[in-house]
């Protein structure tokens, strides 16, 4: 999939704005161009997020947007969706310059955005969420619920979505909520749909369904903007792609004209020589031993050992119970069965505080809901896990030392930020993830549990985190790494534990692990 030959030489990556052209043409005709951005710039305090960028979406195409975290992708999409106002430049819709006053104005003009962090109302029904503020009314001016159900059912039939319109959103899986968001965007009959990392929490089957919907929309003449870090998705679904780097536009190409390595070079401005820098380090004594661990109704009979310096990967399909095991180990949801031993001694862990006293750290899979304090700054986020240990003396926090260590950690992890007092919600997803990793490294853990450590992170940041994890293992940290990305599991793990429907189905040594064997165990 990644061996497509270059059909023509790569364009100059630093080409000026005037040289922009759609792939395979000398410039898309205005009638073919649904949306165009010219010379758009946007700055925040201490940060130039976009520097005179350009972008174009053509009718009946899927246009992927690629770039490292912090490249400016999300900022540009929020400008197009009316969330932000650009400091300079212009936006053209169907060839006409427009000034968007807000998201509702963008919707009225045919632009809908499906955010990575879903924006549904959990205590409302599926139908109510889709048609909010547009509900059909009866002759008394009240909501016509029968018409609402019929309208939703017709929309779902059109998109081959099998979800009960009357179900409360809070009862749906993440994948089902994603489909509801897509249906809501389609319900506006928008010409341009922006999808931000839409497959980050989907199974392979759900991704295939999503791609069928995208192809259907493309055939209807819609323009799809598809933000992703996954190379295989770009080659499978995108007609063309644009790359941004450090707030600048780098180039646009047809997806058939480039290789995976070409795109990585455009994204990071350098070669990534080793994506999975797993070091051969001495494996020490057993640090964590788990026997017949279980949580009633969730998972059962999970047994494994984790040694100092070892990276134990955990694989399995979405819903297999991988994250639940991590939560039980860390005391988020205490185990109801089984035994946990640390350094050979049985321990009972019913709270995260108890887990931390035993030298554990836990990076959760959902940085928005269970990781970041979005309204607080980097310093507050990074220090959150250490305020009860070595930085507190006689009930006083050693603020100066803590700040110095947080600054050093931020530099080591190469967090892109104006300073420690920047609100974390203003950072890209990859930089937020680095801050959370830094939070736990400050606790100097002996056992590090990582749940989807590189989800939603660009290829350059992935390699950085892989190097960091490998280095930690080299220092004797025992790492339990849960990941839905098969190359990551195979490339980084000394052994791979596989789960299916709440059961552990096997543990495979690194030398014996391959995708076929892991998937066989994951589907038993």
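Placement of Cβ uses the backbone N, Cα and C atoms for every residue, glycine included.
Per Swiss-Prot, the features are:
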type    : residues                       : note
BINDING : 67, 68, 69, 70, 71, 72, 73, 74 : ATP binding site
DOMAIN  : 35-271                         : domain 'ABC transporter 1'
DOMAIN  : 281-520                        : domain 'ABC transporter 2'
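Known features from Swiss-Prot, placed on the structure.
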residue: 67; record: ATP binding site; contacts (Cβ under 8 Å, 6+ apart): 73, 243, 244, 245, 250, 267, 458
residue: 68; record: ATP binding site; contacts (Cβ under 8 Å, 6+ apart): 245, 267, 268, 430, 458, 459, 460, 461
residue: 70; record: ATP binding site; contacts (Cβ under 8 Å, 6+ apart): 246, 416, 427, 428, 430, 431
residue: 71; record: ATP binding site; contacts (Cβ under 8 Å, 6+ apart): 244, 245, 246, 247, 267, 428, 458
residue: 72; record: ATP binding site; contacts (Cβ under 8 Å, 6+ apart): 42, 49, 50, 53, 244, 246, 247, 248
residue: 74; record: ATP binding site; contacts (Cβ under 8 Å, 6+ apart): 196, 227, 428, 429
Cβ neighbour count (within 10 Å, all chains shown) around residue 73 (ATP binding site): 27
Residue 74 (ATP binding site): secondary structure state under DSSP, collapsed to three categories: helix
Where residue 67 (ATP binding site) sits in the secondary structure, as DSSP reduces it to three classes: coil
